[in-house]
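**Q** Starting off with a structure, shown below.
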Amino acid sequence: MKLCVAFDLASKDECIRLVKELKGLDLWVKIGLRSYLRDGFLLIEELKKIAEFKIFLDLKLYDIPNTMADACEELAKLDVDMINIHASAGALAMQSIMKRLQGFKKRPLILAVSALTSFDEKGFYELYKQSLREAVLNFAKLSYENSLDGMVCSVFESLLIKEHTSYDFLTLCPGIRGLNDDKNDQARTATVREAKEARADFIVVGRPIYKSLNPRLSCEQILEQIHSK
Ligand code: C5P
């Protein structure tokens, strides 16, 4: 299981400071909407020069199939290691993307977001009139059948997804919190241990790391939990 640190910081300087502080650790960096909309690809280039972290560009694309394929082609040219789309964009969008990226010698991993981890069961039902479990499984099967590489999901759905698709189908789980951490706006949170038990391939941790007094130490403690038996 890999640790992916969300760089959702308020300025480019803070992102640069954080990457310098974490240099040398075995982790991935996740660049999300805030940082990418503000700093664009220059931030990724600068981060890459400082440390050799793999990059997950978390833009959660959602549009008509051709527009999504165009966007994924552009992102693939940026040489990032992982990107994502909303699974609810549907089968045609997935097929167009995977077809478009066929020609790339090295393409990024493509994950699909099932249901945001900020939804609880009640809030999800009110909007979609479906249980989270049912919706996530449908999205996972659709994504697997259309050759995506994996899902963004909560820890509580990771094992379920693998059991209904394949154990090689990746799961990346945000909403990870220690027992004493603030949940913030996350609803379906879980611990590192629970993520391991659910066979998550990646965990995403943001605020508990970048808002801590010692982000490097926070990362090291999480990495220790990942590697402990
Ligand atoms: O600060 P925190 O640990 O809650 O950060 C979680 C990160 O994971 C944020 O960048 C958020 O955008 C992202 N994310 C999420 N839930 C999803 C997909 C992505 O929280 N389903």
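Positions of Cβ are set from backbone N, Cα and C atoms, glycine also.
Residues annotated as active site, for OMPdecase activity in TrEMBL: ASP58, LYS60, ASP63. The active site, proton donor annotation in TrEMBL covers LYS60. The substrate binding site annotation in TrEMBL covers ASP8, LYS30, 58-67, THR117, ARG177, GLN186, 206-207. If you look up TrEMBL, you'll see 2-222 marked as domain 'Orotidine 5'-phosphate decarboxylase'.
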**Q** Select, from ASP8, TYR62, ASP63, each of the recorded positions with a Cβ positioned under 6 A from at least one atom of ligand 1; if none does, say none.
**A** ASP8
**Q** On a simple 10 Å Cβ count over all chains shown, which one of the recorded positions ASP8, ASP58 is most densely packed?
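**A** Highest number of other Cβ atoms within 10 Å: ASP58.
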**Q** Going by DSSP, give the three-state secondary structure for LEU59 (substrate binding site).
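**A** In the DSSP reduction, LEU59 (substrate binding site) maps to strand.
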**Q** Looking at the binding-site residues listed here (ASP8, THR117, GLY206), whose Cα lies nearest to that of ASP63 (active site, for OMPdecase activity)?
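**A** If we rank ASP8, THR117, GLY206 by Cα distance to ASP63 (active site, for OMPdecase activity), first place goes to THR117.
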**Q** Spatially, and counting Cα to Cα, which of the binding-site residues is closest to ASP58 (active site, for OMPdecase activity)? Options: ASP8, PRO65, GLY206.
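**A** That would be ASP8, the closest of ASP8, PRO65, GLY206 to ASP58 (active site, for OMPdecase activity).
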**Q** Measuring Cα to Cα, tell me the gap between GLY206 (substrate binding site) and LYS60 (active site, proton donor) in whole angstrom.
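**A** For GLY206 (substrate binding site) versus LYS60 (active site, proton donor), the Cα atoms are 17 Å apart.
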**Q** So which of the recorded positions is most packed in, judged by how many other Cβ atoms lie within 10 Å of its Cβ, out of LEU59, LYS60, TYR62, ASP63, GLY206?
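**A** Max Cβ neighbours within 10 Å, all protein chains included: GLY206.
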**Q** Other than its own, how many Cβ atoms are within 10 Å of the Cβ belonging to PRO65 (substrate binding site)?
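**A** Cβ-Cβ neighbours of PRO65 (substrate binding site) within 10 Å number 18.
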